[in-house]
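Per Swiss-Prot, the features are:
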- W15, R35, K101, A133, R248, V272, E274: NADPH binding site (BINDING)
- K101, G129, K184, D237, S247, R248, N249: sn-glycerol 3-phosphate binding site (BINDING)
- K184: active site, proton acceptor (ACT_SITE)
Amino acid sequence: MTTRPHIAVIGAGAWGTALACATAATGADVTLWMRNPVPPRTRTLPRLPDITLPENVTITGDFPRTANVVLLVTPVQTARDVSTRLQTVLDPAVPVVTCCKGLEQATSLLPLDVLAETMPGRPTGVLSGPNFAIEVAKGLPAAATLACADLALAQKLTALLNTSSFRLYASDDAAGVQLAGAAKNVIAIGAGITIGAGLGENARAALITRAVAEIGRLAEATGGRASTLAGLAGMGDLILTCTGRGSRNYSVGLELGEGRPLADILASRTTVAEGVLTAPAMLALARKHNVRVPIIETVTRLLNDGVSIEEARHLLLDRPPTRE
């Protein structure tokens, strides 16, 4: 008798719940870890209340000791704490795949760099792509990139997690995939601002396109490949996050563009818009590597320095012309 694979999902927010549903479609036994667990037979969770969890998903408040793979689906800012505790109980051979997007605010570290400190020697990877949680949870067609420094591991994990509705592509550019996933949240805020402020579709298209070049420069400076920006984790995620109203970061930008104060926007939300915290950390990372990131810098100044939208417009458009 063949033993069914065991997949552990750490974090039961919207994306964690969606990934539990998606991976359950592989036929594996899925464990979904919650910080404050509900009764084990509960089939609906607060972040996606219209979704019924498959029967092969088990909810728990205990970290797994063994699994074929662990998906870490916590916010970036809590990944250090959770992964440190997970490391003490999890078999050292079990790979951990981070599914969060952003930079640790205090250190400007990408998620896998955090795991390198908290889980030294462990095989790790990153999963990222143009995915709204509710659509993945419903089983609608979607795709993403799973990247590991070891391509063979990435291929093994994509074979384990791939389904007929959630298609995964293997990559060995973990640095580029992470960087793209983090930066797109910042760019999405800028894209939302352009529409909310009535600057037009042309402005949004220009911002997204120039952001690809900007993120590509930063990816290369941090050990990634600019070519990764042409894939699902780059352009795919940018298009979705910068145009879809289901994007938390884009919707923050929309409200900012309409004139609502940032503090009021954040106070009214129960979910995290990672781009708000990632923006200053991303700018610090770019300055560390001497990379020009005018869009990221302008969004950061809008969020943190009181720069007006009109001033931001001139900061971007009044720069000397350059070649593309």
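Every residue, even glycine, has its Cβ placed from backbone N, Cα and C.
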Report summary line: Spatial neighbours of K101 (NADPH binding site) among the binding-site residues K184, D237, S247, N249, using Cα within 10 Å, are K184
**Report entry** Residues that sit under 8 angstroms from D237 (sn-glycerol 3-phosphate binding site) by C-beta distance, when 6+ apart in the chain
**Finding:** S128, G129, P130, A180, G181, K184
Query raised in the report: If you draw a 10 Å sphere on the Cβ of E274 (NADPH binding site), how many other Cβ atoms land inside?
Result: 24
Query - Rounded Cα separation (Å) that holds between A133 (NADPH binding site) and N249 (sn-glycerol 3-phosphate binding site) - result: 14
Requested in this report: Give the distance between the Cα atoms of W15 (NADPH binding site) and S247 (sn-glycerol 3-phosphate binding site), rounded to the nearest whole Å.
Outcome: 12
Query raised in the report: Long-range same-chain neighbours of N249 (sn-glycerol 3-phosphate binding site), Cβ under 8 Å, sequence gap at least 6?
Result: N185, V186, A188, I189, G192, T241, A273, E274, G275, V276
Report summary line: Across A133, V272, listed as binding-site residues, the smallest other-CB tally within 10 A is for V272
